[in-house]
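I'd like to ask some things about the structure below.
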Amino acid sequence: MDGDILTKNEQRRNSLKQRNMLLSMRLNQGSSSHNNPAIQGRRVQTKSYRNSWKILSPIKNQNISPGKMAAVELSDPKNLSPINKSGFNNRTPTTPFSKQQNLKLADFEMGKILGKGKFGKVYCVRHIPSGFICALKAMEKKEIIQYNIEKQFRREVEIQSSLRHPNLTQLYGYFHDEKRVYLVMEYLVNGELYKHLKGRNHFSDEVASYYVYQMAGALDYMHERNILHRDIKPENIIIGFNNVIKLTDFGWSVINSKGFKRKTLCGTVDYLSPELIKSREYDEKVDVWALGVLTYELLVGSPPFEEESKELTYKRILKRNLVFPDHIDPDARHLISRLLEYDPANRIALKDVRGHSWILKNQPYW
């Protein structure tokens with residue numbers, strides 16, 4: 001009997017050793033080491049991804065529509081109840097993680113890669129003790145130090161840990177080992193909004209208005225807590241169940257004291273506001289401008305000021321050269337124009353966005 005127990009224990013230890021070796025091999029399969037610019041551009045000709053975290057294939061069925069459920073590629077996909085139930089009521093899902101819990105890499109079973117970035121990779125994983133499905137972002141310590149982003153990274157973790165909103169991606173916890181820092185995050189099955197937008201060219205008023213409504217609520221929640229996002233774009237918005245969207249990537253987010261103005265130039269070229277380009281002091285209204293650019297891109301398929309070069313894009317933004325295609329609804333034009341007011345003080349309040357006529361008339365179709 002004792003011999004049988006010993007054999008089973010040895011088998012279990014060997015199995016764990018093999019699994020941990022496999023984890024290490026996967027994580028060591030290269031992480032890119034590009035520069036870390038504050039301003040991210042977009043390559044107009046190739047329509048390439050504009051940010052560093054390129055979502056590869058988070059779902060099996062690449063033709064799946066936003067809001068549909070997809071299978072997670074893990075060794076035992078039947079135990080999906082922790083995420084299946086959490087996405088349908090727009091509430092933050094309950095999780096098995098606690099602040100006191102000491103997480104480690106061996107606690108997770110690795111699934112497929114969701115994205116690759118400058119400092120590591122994002123994986124779909126299962127928390128082995130509970131079966132809970134989540135995303136694991138693994139970042140190289142040496143590259144965090146090399147590119148001098150320790151302060152930015154710490155701020156990202158602190159801010160995202162403090163946020164609880166149905167349209168903001170939740171950070172469940174974090175841990176580290178000798179080589180890497182790991183962020184345990186909410187897993188969303190349908191991937192980034194940018195991928196779905198490019199697959200359709202543009203969204204209908206019914207779909208776009210629902211996304212804008214949700215995003216206005218998320219930003220209003222952040223601004224009430226004096227937090228600026230500063231990098232709003234379709235690549236940083238993930239689609240979950242039932243077309244519920246979640247803003248992610250808080251790498252450029254910052255806590256902004258009331259009445260305090262900032263001057264750091266950061267974000268994505270097409271989404272920069274005039275005050276950012278002119279290196280003037282700014283506040284949360286830069287996010288309102290970015291929401292206007294996002295609204296336009298959802299309805300048209302491209303940003304309103306997009307040009308062949310960064311310099312030409314800047315010129316169009318500063319001139320506020322805003323041209324609408326014929327198919328854009330007059331109410332949508334009005335909302336976009338209010339969001340893209342040149343003077344930040346004149347931009348529409350986020351609470352008024354959610355009550356705008358374009359939003360209200362499309363609300364019955366959500």
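The backbone N, Cα and C atoms fix where each Cβ goes, and this holds for glycine too.
Pulled these features from TrEMBL for this protein:
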| type | residues | note |
| --- | --- | --- |
| ACT_SITE | Asp231 | active site, proton acceptor |
| BINDING | Lys118, Lys137, Glu235, Asn236, Asp249 | ATP binding site |
| CROSSLNK | Lys233 | SUMO2 cross-link |
| DOMAIN | 108-359 | domain 'Protein kinase' |
Just to be sure I understand the packing, how many Cβ atoms besides its own are within 10 Å of the Cβ of Lys118 (ATP binding site)?
19
Including all protein chains shown, what's the count of other C-beta atoms within 10 A of the C-beta of Glu235 (ATP binding site)?
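The answer is 24 other Cβ atoms.
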Tell me the Cβ neighbour count for Asn236 (ATP binding site), meaning other Cβ atoms within 10 Å of its Cβ, over all protein chains shown.
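By my count, 25.
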Validating a neighbour-count step here. Other CB atoms within 10 A of the CB of Asp231 (active site, proton acceptor): how many?
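So the Cβ neighbour count for Asp231 (active site, proton acceptor) comes to 23.
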Quick one: Cα separation, Lys137 (ATP binding site) versus Asp231 (active site, proton acceptor), in Å?
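It is 19 Å, counting Cα to Cα.
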Need one number: mean pLDDT over the domain 'Protein kinase' (108-359).
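It averages 93.
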Please report the DSSP secondary structure of Lys137 (ATP binding site), reduced to three states.
strand
What whole-number distance in angstrom separates the two most remote CA atoms of the ATP-binding residues Lys118, Lys137, Glu235, Asn236, Asp249?
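16 Å is the greatest Cα spacing among the residues binding ATP.
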